[in-house]
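Please read the structure below before turning to the comments.
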Amino acid sequence: MTETFPTDRAAALRRLSDFAPRMGHHYAKGRNADPGPGRRRDVSLLSPAIRHRLVTEAEVVAAAVAAHGPRAAEKFIQEVFWRSYWKGFLELRPGMWRAYQAARDADRAAMRGTALERAENGATGIGCFDDWVAELRETGWLHNHARMWFASIWVFTLKLPWTLGADFMLRHLRDGDAASNTLSWRWVAGIQTPGKHYVARAENIARYTEGRFDPAGELEEDPSPIDAPPPPRAGALPPADRVPDGPFALLLHEDDLHPESLVPPGAKVAAIAGVAVPEARSPLGCSALVAESAGAALADGLARASAQWGVPARRLTLEEVPAWAAGQGLPVVTPWAPVGWTADALAGSGVPMRRIRREWDEACWPLATKGFFPFRESIPTLLGRLLPDQPSASAR
Ligand SMILES: Cc1cc2nc3c(=O)[nH]c(=O)nc-3n(C[C@H](O)[C@H](O)[C@H](O)COP(=O)(O)OP(=O)(O)OC[C@H]3O[C@@H](n4cnc5c(N)ncnc54)[C@H](O)[C@@H]3O)c2cc1C
């Protein structure tokens, strides 16, 4: 049996409700173990749904607090906030995304020999790594611990550029996300927190895969961190726009597909369309699975938006966006696309858009100025601000 990954909101809400009872001590105790496909009960498998905001971070965290209280669900809540932290970190430093793209392209151009091809085809001879490549290609997902081991082996044992590993994952992950992906790779390589790298050890892999793998003697277990400049200082978060008082056209995209909780009640949505460009993740495009998954999520978002505001909604190609926008003769409003390929594509369309931001992002992103640990200190305050209907952070 393999896992399934919700590509519509109804299925994501079912998964959320099924997993909520395990967001407390089951998660804290079991989240690091990867017993293999079809046997993972202690992680939510919600990342593709959260990535597209078929369910929002606020809903997921609220479910954890409601089921267990903020203390017993602390670990799960923190992991969701890792996502918000990474998103904010990149949003305050958009140049890091451009630097990643340039380094990726230069690293690919400089590649010689067949090591990259062998890694991407799962033909390295390192059993666990080759198995994860196959799983990633077949399912579009990997367990968090497997992603950490994978990235570490890629960088330190196979000695391949981290940028090409991030690119490979982005092409194949259903939850592929510019911030969580590239910054996690930097963290593993030891360039996000300079000098601190993550080293995959055979003993750790054997323990947390419950003996499925034992790469003893196959891994570089004493590497030096990669030498690279540290992340730049944080800039200011650009201001978001307001929803117009009069009628407007709503343009959805794969980064935020729950417009019902984003667009204020009473707003005059007069036209709706959506665009998804998952193939813009990489110059090499994306897998068919990723394209299908993003397309299904967008179709679901458009269907719900159409039902909510009583206007037809359709998917456009990026090239069709300017003519659609001109044809409406209305201001175009779009959910804030965070730094990444969708934001690049929308900016490149040349259509002026009003970009509106969720309170969640407004509250979290400006706090991503330093490391995660100072950010984490703000979680109780953030919960009080963002989940006003829940028991206060200190209540349980
Ligand atoms: C090298 C590497 C690459 C990664 N690339 C991505 C990526 O492209 N997209 C992505 O969404 N996550 C990425 N992650 C983070 C993490 O591995 C996944 O979010 C997680 O495995 C998803 O599984 P889950 O939904 O069962 O998570 P759960 O453990 O159930 O956690 C709940 C939610 O919290 C968030 N979350 C959990 N752990 C992390 C984390 N470490 N960083 C950021 N958010 C987290 C996710 O939205 C997740 O769905 C990456 C991690 C590493 C080490």
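Quick reminder: no glycine exception, Cβ is built from N, Cα and C everywhere.
Going by what TrEMBL states, the FAD site holds Y27, D175, G176, D177, and the candidate of F76, F129, F213 recorded there is F76. Beyond the region 'Disordered' (216-237), the same-chain residues lying 6 or more positions past its ends with a Cβ under 8 Å from any Cβ of the stretch are 88-89, 91-96, 125-127, 153, 155-157, 162, 186, 189-192, 194-197, 199-203, 206, 365-366, 368-369. With a cut-off of under 6 Å between the Cβ and any atom of ligand 1, the binding-site residues Y27, D175, G176, D177 reduce to D175, G176, D177. On the 0 to 100 pLDDT scale, the model's mean across the domain 'Cryptochrome/DNA photolyase FAD-binding' (76-218) is 97.
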